[in-house]
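The structure under discussion appears below in the form of structure tokens.
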């Protein structure tokens with residue numbers, strides 16, 4: 001793709017998210033979401049491959065449905081209450097409709113089925129944008145909406161953590177595994193969004209850093225399925241040694257960074273007299289941990305020749321890992337000792 005066109009599309013992504021984040025009127029927020037969707041579609045379809053075109057079509061139809069529902073709900077809210085302001089949503093019906101429309105945009109269970117299929121048809125770079133940047137605008141809107149149904153958000157959150165763990169167990173394609181990982185992480189954020197918004201932001205930031213590191217690692221290794229991970233040692237030994245720690249951080253094991261938001265979320269749920277929700281969320285985290293351990297095993301404990309049907313690759317000159325990959329990997333692994341400073345900064 002022409003670099004000028006790519007620059008314009010990336011500018012469109014930034015503009016759309018910025019408009020949505022800075023707006024207090026539903027029409028402006030809807031316009032920002034639409035700009036965001038229209039800017040990423042050419043990036044998704046740039047490969048001219050049937051899978052990429054199929055993924056782009058699915059994504060467009062899903063996002064158009066969610067945007068239409070959101071617009072209908074905001075018009076209904078204006079009709080019922082006379083208010084277009086995002087923070088002044090008072091009627092339960094439009095609020096519920098908007099919550100579900102944003103859940104569809106984010107790929108939360110049970111509205112998640114498009115996300116693994118779309119991510120599987122994209123390149124790792126576009127998949128990274130879809131899994132990180134495209135989550136920001138809908139999440140900002142979710143943070144601003146006044147909560148009228150505590151049960152709805154908890155049900156969506158628990159279903160997402162369960163589906164995110166359960167769906168990834170049987171996968172061999174790494175992009176689908178990362179899609180289910182994304183669903184599970186967003187479920188954790190949704191559980192706590194009504195009780196501690198600052199804690200939700202902390203979980204979102206750690207998710208963005210860990211997911212960026214995971215996608216860049218796979219891109220550096222040119223790996224798209226589990227079998228391809230077995231040849232990572234020959235290509236980037238140091239990165240391969242750090243990747244299991246990154247995957248365990250995604251799973252939420254101490255003493256890695258990923259443990260911090262999970263620990264604080266479970267603590268907050270217990271404070272809010274929701275011990276059953278905390279126990280269920282912790283149990284579903286074990287499902288996610290299992291498939292991260294599968295990836296660790298394939299990457300570090302199997303070396304060619306082995307019993308996996310992986311083909312050895314040509315020894316090409318290694319790619320120099322970028323500064324972003326190094327920074328995100330280190331942050332995703334070693335940030336837990338700073339948790340007192342982070343919690344004090346966010347007033348948790």
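Heads up, residue numbers simply count up from 1 along the chain you see.
Any Cβ shown, glycine's included, is placed from N, Cα and C.
The stretch that TrEMBL tags with transmembrane segment, taken from the ranges 236-253, 254-271, is 236-253.
Here TrEMBL gives transmembrane segment for one range in the set 92-115, 116-139: that range is 92-115. Within the set 152-169, 170-187, 296-313, the record from TrEMBL flags 152-169 under the feature transmembrane segment.
Listed by sequence, the residues of this chain that lie at least six past the ends of the transmembrane segment (92-115) yet keep a Cβ under 8 A from its Cβ atoms are 33, 58-59, 62-63, 65-67, 69-70, 72-74, 76-77, 80, 135, 138-139, 141-142, 145-146, 148-149, 152-153, 156-157, 159-160, 162-164, 167, 179, 182-183, 186-187, 190. The average pLDDT computed over the domain 'NADH dehydrogenase subunit 2 C-terminal' (289-342) stands at 76.
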